[in-house]
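Encoded as structure tokens, here's the structure I'll be asking about.
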Amino acid sequence: MARKKRSAPAAATSATATSSAVRRRRNASNAIVAPGGGTNTDVLNLSRNLDMSADAVQAMLHCGGAGVRTSRRSAAAAAAASGTNNASSAVMSTAWSDFMSEEGMGGATAGGSASEPATKRTKQDNDTSSNTTTSQKDSTSTATVFVKHTYELPISPKMRNPKSKSKNDSSSSYTPPGLLAQTGTLDAAVVGRLAKRPAGRGVHDLEEPTLLFPTTIFTPKIKIALIATSSSSCHSIAVDIHGTPYGWGRNECKQLGTITANASGVPTASSSNSAGSASSGSGILIADIAVPTKLEGPWNISKNVIVGAAVGKSHSILVADNGLAYAAGMNKRGECGVNSSVDEVHHFRKCFLVGGTSGGEGKKADDGAKAVQVSCGENFSVILSSQGHLYSAGSAEFGQLGNGETGEYFVTASKIAFANSTKFERRAIFVQSAADAEGGLVTDSKDSAKMIPLPDSADIAIGSISCGKNHTIAVEAPIKESPGQSASSRVFSWGCGGYGCLGHNVQADEYTPRLISALRGPLFASNTPVRAAAGAQCSMILTKNGHVYYWGKHRQGTEATMRPTLIDALANNMHVVTAFSAGSQTVFCSTKNAVTVSWGQGTHGELGYGLGKAKSSAKPQFVEKLDKCLVSDVACGYGHTLFLIRDEDEEDKNALKKMKKLETDDVAAFMAEVAGRKFAAGAGDDDGDGGGGKKRGKGKK
């Protein structure tokens, strides 16, 4: 159809419309579309100059130096406000694209395809940030499908089972056996007790790492496979490659069982209930064990061997190869978990494990749990089963049980008690803050403090646990890698939050295992956390690449580290850490290159610097006496530190030759003096943070 010829008035109207369109385009080009007053014209100019698409420039400007994930949230908010899809991921082939790819967040892998709605990608990014599960949501349904992790199970003990039929079993989870060494005092009676400290030092006061009884107690055929002590403990346990446990140190509450000594001071353990008084037919009951002594218990009768051990302030727990756990010592708060309210357990008794919280709706309680690992705090204990399930018993004062409550109640008008647990019950609820669940977008303080159970809470498996004085750190079990599923293990913490030792940037107690959000994100995608270590008021995790992250406080006179922080003195010098531990006021790290460092405070020589050397250090300092010695494991106690040193090849033997050795003849006089001391059951401490005294740094919610 032929168009009609326009009249003059119509032409004038057309000219007016044209000028209006020009003004609209000019106004659109001057509209502010980026932070700092950036307009569309600015974006187009940058696009031409940088050889980037306009969408890519928008993404870079919205980043604002806060990272890619924040950029996406800002772009999504802008898109929602303008009704456009400016947050769409653009295809880039520039330096910015290279940066995005190196961070593992470029293109479709970061947020989906370019045509994907911004709101959908932002939701997935937030899910990746918290990494609870992999979630998918379509445009026609509001249901979210959660894909649970597949773990590498069962969880193994820290040491190889001596009864294992596989002689070539070289699992990386096992600690290589070696020789036992210690620095710090052997006289446990003086630790934390100013009035009992002698004026001089004796042969038992070890100022540097010293091999303990390598020929008289531990013959060349008896190597040590596991060592156990803790930040609250003045006693220790070592297990040899045959599964035989040895104990030494403080024993006032029978935490090593009932042990007597003969006239020469040689200690002997007893499994008979008859040896419960100050003297018995087999010898004199002693409160301090001077040298490692074989421990007796029900496992000997059933011909089982010990594959796990842990100690608290005044109690001990051993794990046998059949999955049973045995405890002895103080039980006032139920920390032994023997399902009894007796104040002390004088001989090792079987621990009682129950399902507690079921493993999810429709699932049976795990009553037949097989214990493989254990860790103890000052007056509570945590057991890990072969399926990665957590069980806790003991004090609930700071939420150490992880059951969501303290059970605080009044006994009298002036006395408060807590709902302690006398048996090990399963804890199967894991939470995160509302702010973490929403990717940090929650701004309301009340909502951000709210805790939300993780969607896969009932199915989470734990692979590593470590207890501090009143808190616990747990690392998720290794995850089987599969397409579309992150292989990064999550880290949880609960209990007393003093000095920020829980890693949540606040001094507040947590009553349920809470996800540490600072240990999530692309930085840990290929460098996943693998093990945990807790001191009295500090915490650490070790990553796959041998990096150590620290938070909390372990040295007096310093500020607390409120969030996980990389120990850059080790990482920046290419040190790959293989063993680490924290004590009352000390921290140790050992590397695969036979270098060991320590820092903190050690009045009894527990830092290992040597006689006449410094007793404290603010920064990591080399332990020169362990130079060229490969330390398989290290355990920091209260007033002492234990080492497991490899002895496999000629190079190892040459390194061990320069170390001092201590044999039974050297401490004969000390053994007799210890045996002659008057037994004082349950004597308290009068100083220090690890062995007793007032609880500090408690943070109530």
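Heads up, the Cβ atoms here are built off N, Cα and C, so glycines get one too.
Worth saying up front: this structure is predicted, and the values here are computed from it rather than measured.
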I'm validating the feature mapping. Which of 1-40, 361-400, 481-520 is tagged region 'Disordered' in TrEMBL?
1-40
Which numbers of helix, strand and coil residues does DSSP report for the repeat 'RCC1' (489-545)?
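Tallied per class, the repeat 'RCC1' (489-545) gives 9 helix, 23 strand, 25 coil.
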Go ahead and report the DSSP secondary structure tallies for the repeat 'RCC1' (594-647): helix first, then strand, then coil.
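When I sort the residues of the repeat 'RCC1' (594-647) into the three classes, I find 3 helix, 25 strand, 26 coil.
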